[in-house]
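Feature annotations, reproduced from TrEMBL:
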type: BINDING; residues: GLY92, GLN93, THR94, GLY95, SER96, GLY97, LYS98, THR99; note: ATP binding site
type: COILED; residues: 492-633; note: coiled coil
type: COMPBIAS; residues: 155-170; note: compositional bias 'Polar residues'
type: COMPBIAS; residues: 706-721; note: compositional bias 'Polar residues'
type: DOMAIN; residues: 13-367; note: domain 'Kinesin motor'
type: REGION; residues: 153-177; note: region 'Disordered'
type: REGION; residues: 700-721; note: region 'Disordered'
Amino acid sequence: MESPPPTPAEDCCVKVAVHIRPLLGDEKLQACKDVVSVVPNKPQVQLGTHSFTFDHVYGSTGTPSSSMFEDCVAPLVDGLFQGYNATVLAYGQTGSGKTYTMGSGCKDGSQTGLIPQAMNALFNKIETLKDQIQFQLHVSFIEILKEEVRDLLDPNSSNKSDTANGQTGKVNIPGKPPIQIRETSNGVITLAGSTECSVQSLKEMADCLEHGSLSRATGSTNMNNQSSRSHAIFTITVEQIRKPNTGDANLNETMGDEYLCAKLHLVDLAGSERAKRTGSDGMRFKEGVHINKGLLALGNVISALGDEKKRKEGAHVPYRDSKLTRLLQDSLGGNSRTVMIACVSPADINAEETLNTLKYANRARNIQNKPVVNRDPMSSEMLKMRQQLECLQAELCARGGGSPGELQVLREKIAWLEATNQDLCRELHVYRSRGIAIDHSEMDTKVDDSFCEEPDVLKRSMDSSDYQMSEGGDSGVIDEEAAKEWEHTLLQDSMDKELHELNKRLEQKESEMKLFGGFDTMTLKQHFGKKIMELEDEKRAVQKERDRLQAEIQNLSATSDGQTQKLQDLHSHKLKSLESQIQDLKKKKDSQVQIMKQKQKSDEEAKKLQDEIQFIKAQKVQLQHKIKQEAEQFRQWKASREKELLQACIYYCHLKKEGRKNEYERHKLQALNQRQKMVLQRKTEEAAMATKRLKELLEARKSNRDNTVTSNGNGANVQSNEKSLQRWLDHEVEVMVNVHEVRHEYEKQSQVRAALAEELAVLRQVEEFASKGVSPPRGKNGFSRCKQFYFNLFYILF
Ligand SMILES: Nc1ncnc2c1ncn2[C@@H]1O[C@H](COP(=O)(O)OP(=O)(O)OP(=O)(O)O)[C@@H](O)[C@H]1O
């Protein structure tokens, strides 16, 4: 029977719904007009001359908001039970109704909101499946406030209400390490250090939501008197473990695997805002800046993912630009089914922001995600075993009137399969608990933000102390793997840092460049050139006037009368003023020349700066390329390593199965041997009897012959005696031969049994290798010998 093929990643676009809230009391008081309209019976929204089509439109004259859960979120909740991750994301301007829509505010809407409805649906479904599946539920609730991730469920931190600025929120215990975002080797984003509350009931989960919501940072602004000042992410993790021996045929459709795990992220983003309109200053203003920064980064990610051309070219997606985008990496363009709810206000005073939200949401529709079933490699082997078991059970039913011998064989096979299944279940459980223990110890040690990666099931089993390699070479494999991951993390980290440095330098150079900017060099040059020419002209005119006056003074000094003297004085005075004008003009010209020189120098500097910017940009592109290339190389290496591990795991399971089969066959052979031994004994006894009788017969024959010699007249009688004696003799010889054959067969089988025991030991050895995730040696003690062994077994049995 073939094992089920791994589920291929399905391409699915991010679904976008628009939720239009009604006009609020304040807006009505300000006589605001409703400017957002919905095209009847179509998911189409119009705002002025703009028209947008979405997957759904709720509120206003569109579909009633009460259908939102069934249309958008219920399918995602169902998907969790098949192992698919999901995300619901509320986006929109401040005061547009995100918290109301999500129901994460613990006030109005908290019962009709999407999160409470999702929790209800989840527990309703669990109730129907709890007999067949064991569920483990965990919740975490975090917020991102001013680029810092905060744990809303941390029992050790306290809630604070800072009345001075109307701020409420969580206060972390000083000294507690901050929550860190990590990426595991298979690209899954995890939060290290956040509280994961295990919940058993709807009430417990609702309590967590309420507790976290109360701890969330909110504050009052002109646009919303209880405005969320942070991005909040409520995550529900659903782990499913199939209970053994559930004969429910329908279950196969619900859960084919032994173990599934899926996460539902419910995200209430902080609203985009304009400081002018929210009237925020001081701390509130700073919050607004961070909020907008995070949303800008989100917008850039959406743009990069939503642009088909860029996507095809494999353009860089700036997930690392903010904590929000890093955390939502899987939800946008990754392993998740995602729904975005764009919340908008219909009021004319918000028209501009509403238009922005609609454009943003429209772009998000183009994002393609690739959700996959989060299954466990061990589970598929279990599934295979179970299918085999079911097949045998069906066969057994179909052969209701079969011979008791056949039924017995089938029953034994079923018992063996069930035992195998249980063994595998136990093993799975051990692996899982080892994994959890390793996770915990990783948390405790916290070596480095980027190094700690969640090991997968196989790695856990390999790392655990019970499975330490017996030979130095095997542990070397693991060391090498850890070293490679370590090296990759360090490299990525250092390249990230380098990129960050380059970005900083680029930013600095660009802002320096801005200082040079704003002037048109050519125009300035022309302006100053013209100015200098004008000054030259003016200087020449003044010099000409001076020369004319000097000549006039000379003429006047020749005719010196009283009138002339007066005129001469006047001219001399004028001359002096002209001289000083000339000096002024000279100075002006010099300063203009100086300015021109400075301009030229600054032009050169700007050119140099421009070259530097180009150089940094080129370096940045190169580095980004290098980061991508290294990540790809690592991904490929990791994928091949994981494939290898998976093969080892499958091989290991195969060996386990074969080992059990071997035991079973050996057992059968032993029983057969026992029977043969008894036959042999009986035959040996028969042979002894036969020998005895033979002797008697020979005696009788001899005396028969003697009789022939002595009583010659009785010839016919003697002949018939002789014939019957010969028949007896032949029969006894046949018995002897038969006994000999049986003995020979018995000896042959004893040898096989010994070989079987030896091969079983080999098999155990190989199995031990496989259990450590290392390919078994294929030489002297390896697979080829196993194969030979099965060949022998087959030959003997059939
Ligand atoms: N669909 C709706 N029906 C009635 N009232 C609504 C609706 N949506 C929102 N409101 C009201 O609008 C106000 C603002 O809503 P809410 O706090 O959910 O906005 P927000 O988008 O989360 O704002 P912020 O980003 O500032 O946190 C609240 O008083 C809420 O009760």
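Each Cβ is built from the backbone N, Cα and C atoms, and glycine gets one as well.
Overlay of TrEMBL feature records on the structure.
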| residue | record | Cβ neighbours (10 Å) |
| --- | --- | --- |
| GLY92 | ATP binding site | 28 |
| GLN93 | ATP binding site | 24 |
| THR94 | ATP binding site | 25 |
| GLY95 | ATP binding site | 28 |
| SER96 | ATP binding site | 28 |
| GLY97 | ATP binding site | 24 |
| LYS98 | ATP binding site | 27 |
| THR99 | ATP binding site | 30 |
Entries of GLN93, GLY97, LYS98 (binding-site residues) sitting next to ligand 1, with Cβ under 6 Å as the cut-off: GLY97, LYS98
Integer mean pLDDT for the coiled coil (492-633): 80
